[in-house]
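According to TrEMBL, the protein has these features:
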{"type": "BINDING", "residues": "H66, D104, H313, E317", "note": "divalent metal cation binding site"}
Amino acid sequence: MNLGELVSALNDFASLSLAESWDNVGLLVEPSPPHTVNTLFLTNDLTEEVMEEAVQKKADLILSYHPPIFTPLKRVTWKTWKERLVVQALEHRIGIYSPHTAYDAIPHGVNNWLTKGLGACTSVPLHPSTVPSYPAGGTHRVEFCTANTEHLDVVLSKIKDIQGISCLTTLPARVEGEEQTRVSLNCSQKALLGVVALLSQNSLLYHKTEILLLQKPLLPHTGMGRLCTLSEPVSLSDITERIKSHLKLPHIRLAVGMGKTLDSPVKKAALCAGSGSSVLKGMEADLYLTGEMSHHDVLDAVANGISVILCEHSNTERGFLSELRDMLAVHLQNKINIIVSEKDRDPLQVA
């Protein structure tokens with residue numbers, strides 16, 4: 001499969017439009033074309049040790065969940081490890097692709113995998129995603145009525161000259177017993193300024209104008225984090241053991257909520273893979289589950305009676321790679337070899 005076809009298929013598997021605006025996702029390193037991909041190599045973090053493994057296993061494309069290039073590179077030399085990754089990738093004709101928060105948001109992604117550590121439960125996104133564009137063709141809808149058809153023709157002619165106008169319609173309307181024409185249009189934020197400026201030149205039109213802010217429809221089961229409702233309440237100690245088993249960890253970090261004990265029941269859990277402070281903050285739940293949180297965010301949760309389980313950042317993500325391998329094999333119709341890194345691991349260990 002050539003690189004362009006594979007990247008397109010990966011984008012179909014998880015639209016990059018779902019990624020957070022601050023993220024750096026997609027194809028990050030591209031060897032000169034043509035580039036054929038026979039082996040896709042999956043890793044959570046692309047370290048130099050993992051890159052050496054990818055070279056040994058003759059990978060043609062590395063899918064690194066975390067983007068190895070995040071802040072802009074001003075040069076590509078041998079002096080820093082991230083620059084060396086780019087040099088090695090290009091020298092060995094290996095592409096690098098990162099999906100990161102796009103995989104957090106999708107219904108079959110990282111957070112969905114993490115919910116399985118809780119046992120039987122139902123879940124909904126904590127911060128639902130919306131469709132990438134406004135289906136109505138604009139961010140705002142403008143409506144107004146007038147009985148002066150001659151003046152209306154002039155106004156409509158000027159409105160049509162404004163860039164960013166769509167769905168312009170006119171319909172007969174009866175307002176306070178008078179036959180009038182109702183005008184409705186959709187427009188962009190920038191075009192709205194021009195429309196309002198035009199209508200404000202006629203005080204009668206301006207005072208009869210309604211402006212509505214349009215909302216993007218929500219995508220079902222898609223978004224950041226998950227709020228999970230367990231089928232049956234489980235003690236905090238039992239849920240801790242379930243999570244350790246799911247993540248294959250001998251230890252986790254636990255902060256018990258104020259007024260709670262290890263025997264306290266957990267019915268609702270809010271979770272977010274990776275670093276979950278901003279996603280979990282303010283959510284009502286018995287338990288927060290994530291990789292890492294700041295000290296003060298943990299204190300806030302505990303003070304509100306919410307217990308916190310921290311498993312280290314990438315430990316809440318890495319186990320997803322095995323499921324991802326199987327899903328991508330189906331999605332790509334087994335056209336390429338897909339392998340998971342054996343060297344990829346969390347940098348923090350219990351000493």
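Just so it is clear, glycine is given a Cβ too, placed from its N, Cα and C backbone atoms.
Mapped onto this structure are the features recorded in TrEMBL.
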| residue | record | contacts (Cβ under 8 Å, 6+ apart) |
| --- | --- | --- |
| H66 | divalent metal cation binding site | N44, D45, L46, S98, H100, S314 |
| D104 | divalent metal cation binding site | V110, N111, M224, C272, A273, G274 |
| H313 | divalent metal cation binding site | G274, S275, G291, E292, D346 |
| E317 | divalent metal cation binding site | N44, Y65, V110, A273, G274, G291 |
Non-site residues, in chain order, whose CB comes within 8 A of the mean position of the CB atoms of H66, D104, H313, E317 at divalent metal cation: N44, Y65, H100, V110, A273, G274, S275, G291, S314, T316
